[in-house]
Amino acid sequence: MNPYLSKIFVDVARKKIKAKKGSKTINDKDILPVVKNLQVEFSHAIQDYIFIIIGVFSAGFGLKGFLLPNHFIDGGATGISLLLKNITVLNLSMLLVLVNLPFLLLASKTINLKFAIKSIIAISFLAAVVHFIDYPIITEDKLLIAVFGGFFLGLGIGMSMRGGSVIDGTEILAIFLSRKLSLTIGDVLLLINIIIFSFGAYMLSIETALYAILTYLAAAKTVDFVVDGVEEYVGVTIISNHHEAIRTMLIEKLRRACTIYAGKGGFGKQKESYDKDIIYTVVTRLELSKLQTEIDKIDRNAFIVMGTVKDLKGGMIKKKPLKK
C-alpha cells in the first residue's frame with residue numbers, strides 16, 4: 001500500500017484508540033486491527049463510488065440520449081421528474097433533486113444516515129451530469145427509445161445500488177410503507193408506478209404511458225441483472241443414506257466444497273426420528289445436470305432440494321473451474 005496512505009491510516013487509528021482508551025499507552029498490537037479495518041472500509045468506499053460514478057453516467061445517457069428528447073417517461077422518482085419536466089418549465093436536474101429529497105429524508109430515518117448521505121451525493125451528481133453533459137440523441141424510433149432508454153437507466157440505478165446508494169428514491173418509500181401496511185415492497189412499487197403511468201396517460205397520451213410501461217420493464221429487468229448478478233447459482237440440499245459417497249463425489253468429480261449438517265429424519269420405518277447427515281453445496285446452473293447424474297449413480301432415491309442463490313461471497317465456487 002502507498003506509504004502516505006499507510007501513515008494516514010496509522011494516525012487515524014491512533015486517534016480512534018486514544019479517544020476510546022484515553023491517556024493509556026498505545027502499542028502496535030492495538031493499532032494493527034484498527035488499521036486493517038480502516039483499509040477494508042477505504043477499499044470498499046472506493047469500490048462503491050466507482051459503481052456510483054458508472055451508474056450516474058449510464059443513467060444520464062439513458063435520460064438525455066433517449067427519454068428526455070423524445071418526451072418519454074419512466075416509473076419511480078425518475079418518472080415523476082420526467083412527467084413534471086413535460087408539464088412545467090423547471091429543468092430536469094432541479095426536479096431530480098426536488099422529487100427525491102423527501103425520499104432521502106425518509107431514508108435517514110428508515111435505513112441509516114450514511115446511506116442517505118451517499119444517495120444525496122449520487123443524485124446531486126446525476127443532476128449535474130444531466131445539466132452539464134450533452135449526450136447525443138441516439139434514435140427517434142419509439143420502441144428503441146423505450147427499450148434502450150430503460151436499459152441504460154436501469155443499469156445506472158442498479159450500479160448505484162451496488163454502490164450502496166439510490167438515484168431513484170421510490171424504493172425507500174416502498175420499504176417504509178411495507179412496514180406500515182400489510183403489503184410487500186413489490187406491491188407498493190407497483191401501486192406507485194400505476195399512479196405515475198395513469199397521470200402520464202392523462203397529461204400526455206395513452207401511447208406515451210404504454211411506452212413508459214415498456215421503459216419501466218426494461219429498466220426493472222436490468223436492475224435485477226445488475227444487482228442480483230447474471231451468473232446464477234443453485235443451492236442444493238441432499239439427503240441420502242449414502243452421504244459419504246456423495247460428499248466424496250462432490251469434492252473429487254465436481255471439485256466443489258460442501259457443508260455437512262447433523263440433522264434428524266422425521267419419518268423412519270418405526271415412525272420415529274433418527275440421526276441423518278445432510279449435505280449442502282452450491283453449484284452453477286451449468287453444473288446442475290452433471291450433479292444430478294452423479295447423485296443418481298450413487299443413490300437414485302436421494303432427496304434433493306434446489307433453490308436459486310442470487311449471489312455469494314467467499315468459498316471455492318468462484319475459484320475452481322469446472323472439472324472436465
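Using the three backbone atoms N, Cα and C, a Cβ is placed for every residue, glycine included.
Note that the structure is predicted; figures quoted are calculated from it, not measured.
According to TrEMBL, the features are:
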- 256-314: domain 'DUF2179' (DOMAIN)
- 49-67: transmembrane segment (TRANSMEM)
- 87-107: transmembrane segment (TRANSMEM)
- 119-137: transmembrane segment (TRANSMEM)
- 143-161: transmembrane segment (TRANSMEM)
- 181-204: transmembrane segment (TRANSMEM)
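Against the transmembrane segment (119-137), stretch 49-67 has more CB pairs under 8 A than any other of 49-67, 87-107, 181-204. On the 0 to 100 pLDDT scale, the domain 'DUF2179' (256-314) averages 84 in this prediction. Counting residues per DSSP class in helix, strand and coil order gives 11 helix, 25 strand, 23 coil for the domain 'DUF2179' (256-314).
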